[in-house]
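These come from TrEMBL:
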type     : residues : note
TRANSMEM : 33-54    : transmembrane segment
TRANSMEM : 121-148  : transmembrane segment
TRANSMEM : 154-173  : transmembrane segment
TRANSMEM : 178-196  : transmembrane segment
TRANSMEM : 228-249  : transmembrane segment
Amino acid sequence: LATATLIITSTVMAPTTHHFDSRALSVNHTQGVTLGVIGAYVVVIALLWNLPYVRWVLWPFKMLVIAFHEFGHASVACCTGGRVKSISLDPHEGGVTHMQGGMQAFTLPAGYLGSSLIGALLTFCGFNIVASKIASIVLGVCFLLTLWWARKDWLTIVTILLAVGLLVACWFIKHAEALRFVVLFIGVMSSLYSVWDICDDLILRKVNSSDASVFAKRYGGSSQCWGIIWSLISLVFMICGILAGLAAFKQSFEQQEKDSQGVIPTVRMLLKA
């Protein structure tokens, strides 16, 4: 009897475990659409990145992810005992963070890897409307810190204010459904920018005055070597963000919109106004 019971129990439990595994690995319709959008973003960004004149369409987003890059330097400097004097963005798609103190072994790679990590987190949140709302609030806090550090640089201020305006506007489009795709685009852009910027400046153009070249002088190796390592880490971050999004957010578009109505609902905000 004990043997028979054991056989019956194992027979009943096996399909349940198999069902859980298959569900965790499956991609539903909503996630499939999101993956398709990510793929489209990659193609569009790649084309706009390299086509003359047309690539200026990406200029505001490039400036935004450069702000992420500089925020990475600044935040790690503060965490390692340093002090940020100022942040500025250059019209020629560059940026600089003036800081004092901190551990350069961490602050130097924090620009590339920090923007990649932010991109991966935004890509993860881009799979869900409610998560995108939370991400936009966190972005707002990061933007306020960046504005404080860059309070004397008008280009940084205008870029960040335009980004905040875009995020706020998207909150009021179909219960923030548009916000999800904007957050997803910024996430993909930030992840890809880190990789392409490293390849352009360190591997293809071999620019000497880069974070990686300073890192190589201080800690050994070559700037190209560190560039490749940081590029691979950036790609790993992006892939992890996508996989985490697939694992965490299984809701359909309809369910996401319904859930969004209960988290800082925009309809109530409009009524109160």
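Note: Cβ is positioned from N, Cα and C throughout, glycine not excepted.
These figures come from a predicted structure and were not determined experimentally.
By the Cβ criterion (under 8 Å, sequence separation of 6 or more), the transmembrane segment (228-249) is not in contact with the transmembrane segment (154-173), since fewer than 3 such pairs are found. Through the fold, the transmembrane segment (121-148) approaches residues 31, 34, 38, 67, 70-71, 74-75, 87, 156-157, 160, 163-164, 167, 171, 175-177, 179-188, 190-191, 238, 241-242, 244-246, 248-249, 251, 256-257, 259-260, 263-264 of its own chain, all at least 6 residues removed from its boundaries and within a Cβ separation under 8 Å.
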